[in-house]
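Everything on this sheet refers to the single structure shown next.
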Amino acid sequence: METEAQHLHTIFNTLTTDVHKLTKRLAALTTEGRSVKQQLGQDGHLDLGSITETLDTFANIEANNRQIDALNVRYDATSIRLAHAKLLIPQAYFAKLTLDYGDDDPEAVYLGKVGYADDDAHDLIYDWRAPVAEAYYANRTGATSYQANNRTIEVTVLGRRQFVIDHDRLVSVVNTTAALTDELLLAVLAENRRDGLQEITATIQAEQNAIIRETQHPVVLVDGVAGSGKTSVLLQRVAFQLYQHRGDWSPDAVLLITPNKAFRQYIQGVLPALGEQEPLSVTYPTLIHQLGTQFGFADVTQANNHIVQLAKRIQQPVDLTPLQLPENALHQTSATMPFVARMRGVWRWLAAVHQLPDDPASWLNWHTVAHMLGVSSLTTYDQLYLLFALTDYHQTSTKAVFIDEAQDYDDDTWALLTTIFGTAEFTIVGDHRQRLFGTAPSITTWFTNRSVQPLNLTTSYRATGAITAFFAQYATEWSPLIQAVQAPGLMPTQRKLTTWSELLATNKLADDQSLGIITPTPAAAKRLADEIPDTTRLTRQGQTKISAGINILDLVTAKGLEFDHVIIVDWDSDYYTDPQNGANRRYVAASRGTKTLTLLT
């Protein structure tokens, strides 16, 4: 019987051999395609002398087009297979299932980041997103089932194995009958992740898997505690959705709305590591600026908007007389209808008679509309929202929208997003305890006409048990639910500041470790960076990459970042004891450290 080491050696040799073979095949297809196009260029004259000659000419053109299409299909298939082989060489697979379908010998199924088959189309490695992989992520042995092609497949899991692999070297093998072993999970969590987020395919936990593989609801709303892997889960779900819809979605059909540019850098490379292209990603301010430019509105910003008020008002009847709309258009509607419904009827009539305005931004007298809707004036942001709502505009090319740090978006954002992406699926991830200013809105109120699946992540994987227990006390009603998987570690300490040189001398760092000194405000961070030599100052607009050594930053910039060690400045200040947001601020600040936490008073 072949050992696991022998099997890995066989698969690794197949992959490396195929890389050379597929590279040559791709070059040959390129040469063949170039030759065919040159030949077509030489023979491509049109002979339209008679009906017969014309038919023959068009038949030849069609045959040539089919030949080019066939070459393109072969080229694309070879390119994908080559990319997958290269992707799998460092780690061919991470798990093995031994399955009994009840009708034959047990079957061994190896799971990897992408699927791979040999030249005879025999599956060597199954994609982690394939239906059969659900039997692995179910985290149990014995009888189970999975869904494939709208059928329930009954199967018995006889064995589960997890691997740590480095190219052709089998580092470790762990047999398990239940959840992912602590040994492997903690080894992965211990890896240095300062250079960016990593994919978590091999370590997906049951509560994370439920989110990634959710397919029954168009809107998935995730509330997860600090360190629960929310962003990783979000990106794994992007990859899963693209796999599920690989026949009808292109990567451009997915939109990722990010909190800032630093986040885009942080997640860069995760999806390519899973065999997918980088998704379209944009910050919300950039999105509304781009939409404003597209529809003729200049300088669109969120300041002083009335969108929440407008969203309610347009659902009520409003006299349209001041707008001086065509009588024939108004006859298609009733005066008792909501304002938004009547205006959509007018817009449909204009489309039917080919009288749509060339410049949508100037279609209506916005000063008049403001008066009709009971506001003093409309910002360009208000106007953009109303244009989308009143014309029933949807960006139908976007099939799925993914949003992180959802707690920081106000109601105006959700009003606009649910209007322009009314036909898209949503995956919304956040932590309501990480709202630093004001109150987080109730997101579900903007999806009352759609099925919403709320899911929670309550296990924190990032920090030591002691730090997790410390920040959990500020999570109000969630405090008793938060669990840690890391060892207890050192208890957080609270102390008075004597001198920075004395304090830092007691916080010696290893060469590859990071220390984050978190201040309440950017101004305080700047003063401290000027005072302490050999430090890196992190800001939202400038330097955003964590460095080994000392990093100084304000709390807003610290959101989403993690450090080996953290010192929080002015822990007992008004900023952290504020009645409305103080607990949230302490929760966020304390959850940035993974190994030690020091509170300065």
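For all residues, glycine too, the Cβ spot is worked out from N, Cα and C.
Positions annotated as domain 'UvrD-like helicase ATP-binding' by TrEMBL: 203-464.
Counting only residues at least six positions away in the same chain, the Cβ atoms of ILE200, GLN205, GLN208, LEU457, TYR461 sit under 8 Å from the Cβ of GLY229 (ATP binding site). According to TrEMBL, the ATP binding site annotation covers GLY224, VAL225, ALA226, GLY227, SER228, GLY229, LYS230, THR231.
Each of the binding-site residues SER228, THR231 was scored by the other Cβ atoms within 10 Å of its Cβ; the lowest score goes to THR231. Of all the binding-site residues listed (VAL225, ALA226), VAL225 sits in the most crowded Cβ setting, with the most other Cβ atoms within 10 Å. For the recorded ATP site, residues GLY224, VAL225, ALA226, GLY227, SER228, GLY229, LYS230, THR231 set the reference point as the centre of their Cβ atoms, and the other residues of that chain within 8 Å of it by Cβ are ASP431, LEU457, SER460, TYR461, ARG462.
Here the domain 'UvrD-like helicase ATP-binding' (203-464) has a mean pLDDT of 94 out of 100. DSSP gives GLY224 (ATP binding site) a strand state.
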